[in-house]
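K.L.:
First the structure, then my questions, so here it is.
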Amino acid sequence: MTTLTTSPSAAAAAPGGTPSAYADRAAPAPIPFARLLKVELRKMFDTRSGLWLMASIGILAALASAAVVLWAPDDQVTYETFAAAVGFPMAVLLPVIAVLSVTSEWSQRNGLTTFTLVPHRGRVITAKAAGALVVAVAGMLVAAAVGVVGNLVGSALNGTDAIWDVSVSDFTAIVLANVLGVFLGFMLGAVLRSSPAALVGYLVISFVLVPLTMTLAAAQQWFADIQPWVDWNFTQSQLFEGLPTDGEYWAQLGVTTTVWLLLPLTWGLWRLVRAEVK
Amino acid sequence: MIEIHELTKRYGDHLAVDHVTFSARPGRVTGFLGPNGAGKSTSLRILAGLTPATSGTASVLGRRYADLPNPGLEIGVLLDASAQHAGRTGREVLRVAAETMGLPRARVAEMLDLVSLTEQEAGRRVRDYSLGMRQRLGLATALLGDPAVLVLDEPANGLDPAGIRWMRDLLRDHARRGGTVLLSSHLLHEIEVIADDIVVIGHGRVVAQGTKEELLHDDRTLVRAPEVGALAVALTAAGWTVERVDPADPTAGLRTDASLATTGQVALAAGLPLLELRAADGAGLEEMFLQLTADTQREAAA
């Protein structure tokens with residue numbers, strides 16, 4: 001292979017006397033975190049899949065309310081029934097938004113743009129996490145509001161007084177459960193960095209694992225005894241029954257969440273900030 | 001200004017980038033030339049902080065890429081026009097980028113106009129874009145923050161001839177206004193027509209760099225004749241070195257270290273007619289580049 005002359009002397013000045021439009025520019029201000037949060041929230045909903053996810057949550061919430069109004073026995077037309085009916089599609093779909101928010105940077109490869117515009121992956125991922133949190137809480141508030149409307153309409157149609165049987169602490173517990181669900185999606189996204197893999201993982205954990213562990217607990221007493229300490233789905237789902245007050249429950253939730261969510265998430269993020277973006 | 005110093009990237013026992021050192025200076029277009037798989041894209045990804053380097057440094061305007069407070073306003077990067085969320089519209093891609101950089105919404109329309117994407121095209125989703133349209137959208141994203149430095153990986157891919165011409169003018173103009181342009185290509189001609197400085201890379205190593213004039217300069221003479229064999233014999237007999245431009249193609253002619261006048265005289269004395277007689281400018285670079293490309297193809301075939 002021939003090698004032509006290398007010429008450091010080629011480092012002459014720019015072509016004669018043209019004033020540079022780019023000289024002496026002040027360094028721009030850093031990108032504030034609030035802006036990143038806004039951008040990441042926007043990116044959750046500005047794609048076709050994001051749009052349909054949002055739309056389907058709204059549509060399912062409305063359909064669920066209508067179903068309760070139409071078919072629930074009169075004595076069950078209470079706020080709790082509405083909240084549960086509306087909250088279920090949310091609880092299932094909100095984690096999907098969190099999954100896609102992380103994985104699309106790799107699966108759709110727009111990370112190439114995202115991470116060149118913000119060369120601090122930790123900040124971008126933190127903004128995504130904050131965004132997922134905002135969506136989870138806002139989604140629950142929307143569900144609560146739809147439930148209110150459903151309950152008012154339903155009891156008016158029945159000619160009964162509306163029954164408000166969801167306390168603030170119940171609602172807090174449900175929000176917490178959903179936030180945890182969203183972080184399950186977030187963890188799977190960060191660890192797997194692939195939309196199909198993370199979505200399958202989410203479905204397996206939420207819908208395949210639950211009946212399996214239930215069956216196991218019913219058949220084997222030893223598993224039923226340790227289940228609250230090892231089964232995250234089990235401890236998380238307790239929150240939908242209301243806010244537990246005993247300390248042992250919170251210890252169980254802490255242990256299972258640390259083992260199944262925090263540790264893998266930490267590992268996933270450690271790899272994510274070092275991974276090549278191609 | 002881009003400075004790359006002793007940049008090295010190792011994948012297992014394969015050296016994708018091997019102690020690459022060069023700089024791209026303001027006011028000039030720097031062409032980064034090499035066959036596919038030579039390490040161009042890896043070098044550019046390391047520069048943009050997307051791939052960690054094994055060793056060596058890369059800096060933009062005197063700082064590490066990660067230390068740029070708002071990179072989009074200082075350096076426009078287009079590494080792969082297809083790397084966009086397929087479900088986003090072209091306009092939305094630009095809006096997201098503009099919002100990240102903190103630019104007004106109006107800038108998006110200006111850029112769409114600049115890269116000739118119509119209102120209707122901007123409203124379509126990127127999955128329905130041709131490669132040329134994606135390339136234009138990518139260029140619009142890179143130019144959005146009016147950065148001093150532009151880094152483009154194979155920007156001519158997918159553009160039609162008019163589009164390539166348009167892009168060339170745009171990049172030349174950017175350099176003329178004092179900006180720094182670094183663009184890569186695997187096509188020698190593409191780089192020849194646009195670059196002021198050329199860096200040639202092969203097998204991860206820089207094999208040549210300098211101004212275009214320096215690299216294209218060749219003291220030898222190129223001569224074509226109907227009877228190439230006889231002319232080669234005559235020149236050799238007169239004491240000059242001779243080589244076929246392309247051993248497989250006699251009509252490509254000969255390269256010799258005899259001067260233009262001497263070559264003419266030798267041909268005249270031998271009674272051989274000539275088809276072409278000129279300075280062999282650019283031949284050396286082409287030769288080297290062909291050699292690099294041939295090496296790469298052999299490896300791929302092996």
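Any Cβ shown, glycine's included, is placed from N, Cα and C.
Annotations for this protein, taken from TrEMBL, read as follows:
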COMPBIAS  A:1-21  compositional bias 'Low complexity'
REGION    A:1-22  region 'Disordered'
TRANSMEM  A:51-70  transmembrane segment
TRANSMEM  A:82-102  transmembrane segment
TRANSMEM  A:130-153  transmembrane segment
TRANSMEM  A:173-192  transmembrane segment
TRANSMEM  A:199-223  transmembrane segment
TRANSMEM  A:249-270  transmembrane segment
K.L.:
Check the transmembrane segment (A:82-102) against the transmembrane segment (A:249-270) for contact, please; criterion is three or more CB pairs under 8 Å, pairs 6 or more apart in sequence.
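P.N.:
Contact absent: fewer than 3 Cβ pairs fall under 8 Å.
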K.L.:
Determine which recorded stretch among A:51-70, A:130-153, A:199-223 has the most C-beta pairs below 8 angstroms with the transmembrane segment (A:173-192).
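P.N.:
Ranking A:51-70, A:130-153, A:199-223 by Cβ pairs under 8 Å to the transmembrane segment (A:173-192) puts A:130-153 first.
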K.L.:
For the transmembrane segment (A:199-223), could you work out the same-chain residues 6 or more beyond its ends whose Cβ comes under 8 Å from its Cβ atoms?
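P.N.:
Non-local partners: 92, 95-96, 99, 184-185, 188, 192, 231, 233-234, 237.
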